[in-house]
Structures are given as C-alpha cells and as structure tokens.
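If you check TrEMBL, you get these features:
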BINDING   Glu25, Asp92, Asp95, Asp265  Mg(2+) binding site
Amino acid sequence: WSVQATVSWLLSEFLEGRSVSIVAEEDVQTLSKPEASSLLSAVVNTVNECLAEALKYGLQCPKKVLGTSQILEAISRCNSTGGPTGRHWVLDPVDGTLGFVRGDQYAVALGLIEDGKLVLGVLGCPNYPMKKELLNYNHQCNQIKPTSPPSSDIWQKGCVMYARRGTGQAWMQPLIHGDTKFEWPNSATLLQASPVDDPSQATFCEPVEKANSNHLFTEGLASSIGLKNRPMRVHSMVKYAAIARGDAEVYIKFARSGYKEKIWDHAAGVVIVEEAGGVVTDAGGRPLDFSRGLYLEGLDRGIVACSGPILHDKIIGAVYASWDSSNL
C-alpha cells in the first residue's frame, strides 16, 4: 500500500493537469476498516518518509506532510481497468511477495500502456545481485544449509531497469545510497540480452512456487532439448530482469488450468526484455496483448521469453513438440 500510494501521488503531481489512470493490485478496503488503524498509520508514516527524499531524485516533495485521507485517496485512484484506448499506468507495488518476506528477490514494477500498446517499463529490483551466481543463493538457503555464504564484497545488490518502446535500448541504474543525488546517468549501463542461441546451453528461469507454474512440463521441455544448466528458480519479475541483463536466456511460464495472467505481473518486464534484444510471446508465438483489461486475455497456453529471436523460434518449436506428451 505504501508503494502504491507513493507512486500514485508522484505520478499525479508530475503529470499535473492530465488525467492519470493507474491499474494496480491493491485497493483501500482493508485499510479503511477500523481494525486496520495501526496498519494504516504505518502506511502513512512510510509514505511520508519516502516522499521526504523526493528531492534526491529531482522531484518535488509534498509542501506538507500528507494526511491519512490524502494517502487513502492516492491508493483509491489506482482503480483503472485499462483497456484498448487511452493512457494507463500499470503498477505492481510488490511483485513476488513471498520473495520479499524471505529477503529474496522481488520487484517494484511500473509499465505504461498507450492505446493498448506497451510503451514503457520500469523495474526496481532491490535485492538483485550484481553476480549472476547469487540469484539462486537465497532460494537455496531456504532449501539446504549452504557450506559457505558469499563474501560481503561480492554481495552488491539493487538496481532499477527501464526501457522505452522503439529505442532499442534498455538501461540498468544502480540504487542511490546515502547522500548521493540522482543525476542521470549515475553509472547507468546499457543492458544486452545474451547471444546464446543453442537451447542446450541456455539457462532457464521459472517461478519458485509450483502453484504458479507447471514445473513438470518445464522439466520435460528442458530434457527434450538437452538442457545442461540447472533451472534458475527466481521470485517475481526479476526473471525478466535476468534475461535483459544476460544472466539467463529463457523464461517459460505455463500456469495451471484456470489461472489468468494479470497484466501487472508482466508489463514492465516485457518491454525491458524486448528493448534489450529479447523476444516475449505466448506459446503460439504471438505478442502478448495488454489491451484487454486486467488480464492477458487470449493467451495461447503460456508465456515464452527468450534472449533472442533464433533461440525463441527453437523454444517455441520444442514447446509444440512436447505439448502432446505433457499432462497439461
């Protein structure tokens, strides 16, 4: 709620005079209940603490501390359902809640859709490590006790990735720490997806939780193409970040029957991967359709994101070859 209120308030202030339509995950019903008073108080404090730092990023702070009603109003503004016309911001305030709770991977994701087309994506990844090998570290810690934790000097983490449609560029910006002010580029670097086009050499990303994806189908697909690398199981849209940065080559998600993919779980990541040189489609090879409201309607079986078109064509072919023998 705090993230949603902060982003909503900043967009409304920055785009003053324009109608701001925001599609987002949280509503105000829970916060508005009498028994949620302590939670609401924590949200109000957190939002004001965050906005007090706005000047560091070249943005205006509120002229005075925001009150409870103003923060509830900011959250309640995020009630758009999107659609094929107009301009709609798409926000997932904390993507990967379980990863967040575990101190593992999560993301703050913001996309922009104009007349049904995805045009902008921003991914804040507070725990994203600078070393590829450490992406699986926290997840492994939850499964087995590691023999030796990574040393602190290589455990550098945290970045914001962003891209605008049609530029052919995606950027990664380290987080701003201490008294440093944001002055672009502030060590920002261009992202480039991996050149690997041999499926057997690719690194696959998939959701950590089996409830979110069919691991059996993914394992069967990996076996059919002779995959040699272990899958990288990562919470949240950080999977898209991994492909954009070249840490992985393939992200496949085949949700279980009845599950409908929400646009805020993919919008920001898709445009960043595509501008970094990757390809994202459904399993039939069609672009994802963000113009039909809250969900990715008409999705053909699942989502396939790859680091390049050659690899993508091979993975789509493998999906078709494996589909009939799957249990989906």
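Cβ from N, Cα, C; glycine included.
Neighbour density around each Cβ, counted as other Cβ atoms within 10 Å, peaks among the binding-site residues Asp92, Asp95 at Asp92. Comparing the binding-site residues Glu25, Asp265 by how many other C-beta atoms lie within 10 angstroms of each C-beta, the top residue is Asp265.
The residues near the Mg(2+) site, meaning same-chain residues not in Glu25, Asp92, Asp95, Asp265 whose C-beta sits within 8 angstroms of the mean position of the site's C-beta atoms, are Leu91, Pro93, Val94, Ala109, Met237, Lys262, Trp264, in sequence order.
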